[in-house]
Structures are given as C-alpha cells and as structure tokens.
Amino acid sequence: MTSVVLEFSGGLELLVDGKKRLEQEVPDKLTLGGLIGWIRSNLIKERHELFSQGQRIRPGVLVLINDVDWELEGKETYNLSSGDCISFISTLHGG
Amino acid sequence: MKSPWGELQELKGASTAQEEENGVRQAFSNDVLERYSRQMLLLRFGVEGQKRLSQKSVLVIGAGGLGCPAAMYLASAGVGRLGLLDRGDSVDRSNLHRQIGHTDASVGADKCLSLRDSLMRINPGSSICTLSTGITAKFALQLILPFDIVLDCTDNVESRYIISDACAALRKPLVSGSAIGFEGQLSVYCDSEESPCYRCIFPSPPPPDCVGSCDTAGVLGPVPGVIGTMQAVEALKLAAEIEGAEVCSRRMVLYDGLSCETRVIRLRSRSKTCRACGNPEDSSQRIVNPAEFDYGSFTLAGSCATPQSTDQGRLRATALLDKGRLKDALCIDVRPKEQFDMCSIGGFQNIPITKLSKELITIQNRVGDKEIILICRRGVDSATAVSMMRKAGIENATDVIGGLDAWRQECNPEFPTY
Ligand SMILES: [Zn+2]
C-alpha cells in the first residue's frame, strides 16, 4: 500500500463525512486517475456524481498535486508516490 | 453602439494644487493630501501612486458581500472612477450581516444606490457611476470597456463566465473573488500575457446542482469580507501600479475561516486552446464577443439533478391546512438541520436529504400504509427525496410544490422568511 494525504474542500468534504484531511493507505502503483476512481468507490458513500464520473473528476473541481495545479503535472496520468498530498477543491461561486 | 453607461466624464485625476502659491510647493490640494496621506506615506506608493490611482477607473460587479467591502476600500482610497453594477436587487434584511455597505434604513432600496450613498458618505469627492442592470452577455463588452480594472463580486456561475470572457476579449485585468460558508477564494485573471482567464482554469462549468449559494448554504459574514477586502488590495496594486507588487495571478488564495488556514496554490498559465483567450483548434469555438455565446445552455449542461417531470401527484401547500391529513401522515422536512431548527411546521420531523438514504429502511418499516408528506424550502430537494423513496420501493410519498415558500405565500404569512 502507498500512503498519501487526501484533502477535500469547497464543500467536497461533505462527501467524505465532513473530513477535510485524510491520511490514507491506497493501492500501490495508482495513477491520479486511478486514485479518483478508488476514492469514488471506497470513500464516497452517496452522490458519487458530485465527485467524478468514473476516473474523470467533475467540472468545477481543482485538483492539486502537492499544492500545484495538476495541469502542470500530467493530470490523470500522474503516478502517485508515497507521501503525496492530493487536494480536491470545489470552486466557490457565492458572493 | 452607445455605451450603456451614457456619457462618462473624462478622468480628471486628483486635484493638483497650483505650484508655488504663497511660497509653498505641494503635490495635491490640502484636502487630498490629508485624506490619502497614510497610503502616500508608503514607500512604494507615494505621490505618484496616488496620481495613477486617481486616473484609473475600476468596475465592481455585484454590490453584495464581496462588492461592499471592495467598493468601500476603493472609494476611500481615491480611485478616479468607480462603477457599480448590480442586477437591480433590493437590500434585504438577511443581507446585512455581510453586505456592510448597506444599512437597516436602506432595506428595500436598490443595492447600487444604497452602496453609492455609503461610499459618498465615506468619501464625498468620489466619482461613482451605477447601473442596476447586472452584467449581461449582450452588453458585457460595452459595460466593461470604459474601465481599467474589473472586480467580479457576483454570486453565480453564468456571470463569472460572462465577465471573464469579456475581460479576456478586452484584455482587462479581472480580480475575482468568491465565498460561501466559511470558505473564500481569490484570483486575478487576464492581467498579463501569460495570465490565464477563468475559462482557462475552468473550461467546463460545474453541474448546476453542485453550486451552493449564500442564500441556501449560509455564509459567515466576515468571510466574504476577507475576500472582498483582498480584492480591493489587488485592485489597488494594479491601479496604483505599485512597484514590486506581485498580483495574485496564476495563483489562487484559498481561505478557510473555520480552521483559520490560508493557502496559496499555483495555477496553470494561459491555455493556448482556451475558447476565450486562446486559439481553439476549431476556430468557430472561439468566443469573440460574449453576446454571441449561449451562457444559459452552457451553464445548464451536465446537470445531474433528477429531472422534474410534472407536478402530478404533488401537493399544493394548501393541502397542509388539513390537520387531520397531517396527523395521519408521516411528515418529513428534508432541509438541513440548521434551517429546520430556525423554523418549521408543527408535526414535521427533520431528516435532512443528505441523511435520507441511510434512513430509508427505517422509514419503510415504520410507515406501513401511511402517507408520507415531504417538504423543503422551495420544493426542489423534496421532489428529489420523493424519487429516492420511489426507487427504494416506498410508493406512498408525496411532496409540497414550492415548499415552505409556498406555505408562507398561500397559507401562513407569519411563517418566517430567512
Ligand atoms: Zn482563457
């Protein structure tokens, strides 16, 4: 197993029992796309579509790999390493 | 096309005093020197910064929780011209805990005019123009054109895309803020060649049912205050061209008031294939003018809400006047607990929609052949709850069209507004 830190904010934490930060053991050799699918199946109990369609994150969610926009790191193809911090941030629209 | 703003006077800049009058040399009139002295004392700001600021125009779109503090700081700092654009909402008492430019006395008044009055009280020399039309795709370019800097202080997805697309087309720096609950976000778009627009970061909109609003999800007043204030800081850096200032572009500030944590994350650069600020492979996809883009269907795409077929089988609020029917039924209010605790109809118990799926089996065992009556604030969640129950094999559930809003309007005007 690989141990990573998962962060949820902007309302996404409501999908994982209100937890904003989780230290989580996940299967080895996952890509980030694989991690999204794994979170969807293993951590999210209901309203899965608010998180992703399979391995595709829903629009309006920023994904960060160690505080950096995942666009700069290869998005779903990024290979997870032990100790990585992956953040899922829903954009806010209120004002 | 004529500007929706009408004839705008040319920016005069802060009044400079005549040089060498009575043997005194001064950069500005006494009043200007006194009013803005504390920012002019700043090493990187100075007289030159004040001059530049007084020759710039800033447009604040949205006169709410973000727009109030942003506009108040900008007007008090002496921005040359301030535009206020809001969709013509009037001030509601439930706005006042966060929209600090309005007062109890202005409840019911037009938000733009109410905020303008506050700004004029703070700085009577301000030049402020207002339009209570809101940002529309049709006039977006004309509305934004006369301004140097734009602040997005709106509260909805559609406006955010319209504003960003117009700023991308005109290459106007856009200071974008948002807040809900305990959280806020801030970023600056389109302020340089490499700087992305909102659409570069969010090419597709979120499904509508994932979007919360302050009216439904709630918000702690000072949280939009923090973000609106930060928007003013960014706008002042841009307007006064403060030396050495680093604007928050290609970055986003995330503020979480609940844990008191602030993070700054690094964002991608401008996308070469962005529909608004790049060159998409299919050039017909390029959005040149927001007026030609259908924002309604764009932001509605990808809805994962249960489609509401008809109101058939649903109850009018007046059905709840039948006390006997209520007594015999299992009455469930599916709003969040916080709302239920504020006010509810007697006889209803609370099972928030987010907890409903866990309770379905219990409900099924308990209900027998009783009727189930579901209610929520406006009749959307309750309809979803009915279809969840049907899927679980509970057939005798129904809900109230228009929810508690309809109950207040049709049956009981005493029921609190919140
Ligand atoms: Zn762009």
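Each residue's number is its place along the chain shown, starting with 1.
Backbone N, Cα and C atoms are what each Cβ position is placed from, and that goes for glycine too.
All annotation found in TrEMBL is predicted automatically rather than curated by experts.
Under the heading region 'Disordered', TrEMBL lists B:1-23. Here TrEMBL flags B:G65, B:D86, B:S94, B:N95, B:L96, B:H97, B:R98, B:K111, B:D155, B:N156 as ATP binding site. Among the features that TrEMBL reports, Zn(2+) binding site is placed at B:C197, B:C200, B:C274, B:C277. Per TrEMBL, the feature active site, glycyl thioester intermediate maps to B:C214. What TrEMBL lists as domain 'Rhodanese' is B:325-416. The active site, cysteine persulfide intermediate annotation in TrEMBL covers B:C376.
Annotated features, which come from TrEMBL, shown on the structure.
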residue	record	CB count, 10 Å
B:G65	ATP binding site	32
B:S94	ATP binding site	13
B:R98	ATP binding site	23
B:D155	ATP binding site	26
B:C197	Zn(2+) binding site	27
B:C200	Zn(2+) binding site	26
B:C214	active site, glycyl thioester intermediate	25
B:C274	Zn(2+) binding site	22
B:C277	Zn(2+) binding site	24
B:C376	active site, cysteine persulfide intermediate	26
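DSSP assigns B:C200 (Zn(2+) binding site) to a helix. Proximity of the recorded positions B:G65, B:L96, B:R98, B:D155, B:C214 to ligand 1, judged by a Cβ distance under 6 angstroms to any of its atoms, singles out none of them. In the three-state DSSP assignment, the secondary structure recorded for B:S94 (ATP binding site) is helix. Proximity to chain A, defined as a CB-CB distance below 8 A, holds for B:D155, B:C214 out of the recorded positions B:L96, B:R98, B:D155, B:C200, B:C214, B:C274. DSSP places the residues of the domain 'Rhodanese' (B:325-416) in helix, strand and coil in these numbers: 44 helix, 14 strand, 34 coil. Annotated pair B:L96 (ATP binding site) and B:C274 (Zn(2+) binding site), C-alpha to C-alpha distance, rounded: 39 Å. Residue pair B:C214 (active site, glycyl thioester intermediate) / B:D155 (ATP binding site) shows a Cα separation of 8 Å. Cα to Cα, B:C277 (Zn(2+) binding site) and B:D155 (ATP binding site) are separated by 23 Å.
Taking only the Cα positions, the spacing between B:S94 (ATP binding site) and B:C197 (Zn(2+) binding site) is 33 angstrom. Surrounding the centroid of the Cβ atoms of B:C197, B:C200, B:C274, B:C277, where the record places Zn(2+), the chain contributes additional residues within 8 Å, namely B:S164, B:A168, B:Y189, B:C190, B:P196, B:Y198, B:R199, B:R270, B:S271, B:R275, B:A276, B:G278. Its Cβ taken as reference, B:L96 (ATP binding site) is surrounded by 16 other Cβ atoms within 10 Å in the chains shown. The recorded positions shown are B:R98, B:D155, B:C376; of these, the one with its CA atom nearest the CA of B:C200 (Zn(2+) binding site) is B:D155. The DSSP secondary structure for B:C214 (active site, glycyl thioester intermediate) is helix. Per Cα geometry, B:C197 is the residue among the recorded positions B:C197, B:C274, B:C376 nearest to B:D155 (ATP binding site).
Here the C-alpha separation of B:C274 (Zn(2+) binding site) and B:R98 (ATP binding site) works out to 35 Å. Rounded to a whole number, the C-alpha distance linking B:C197 (Zn(2+) binding site) with the residue listed as 'active site, cysteine persulfide intermediate' is 38 angstrom.
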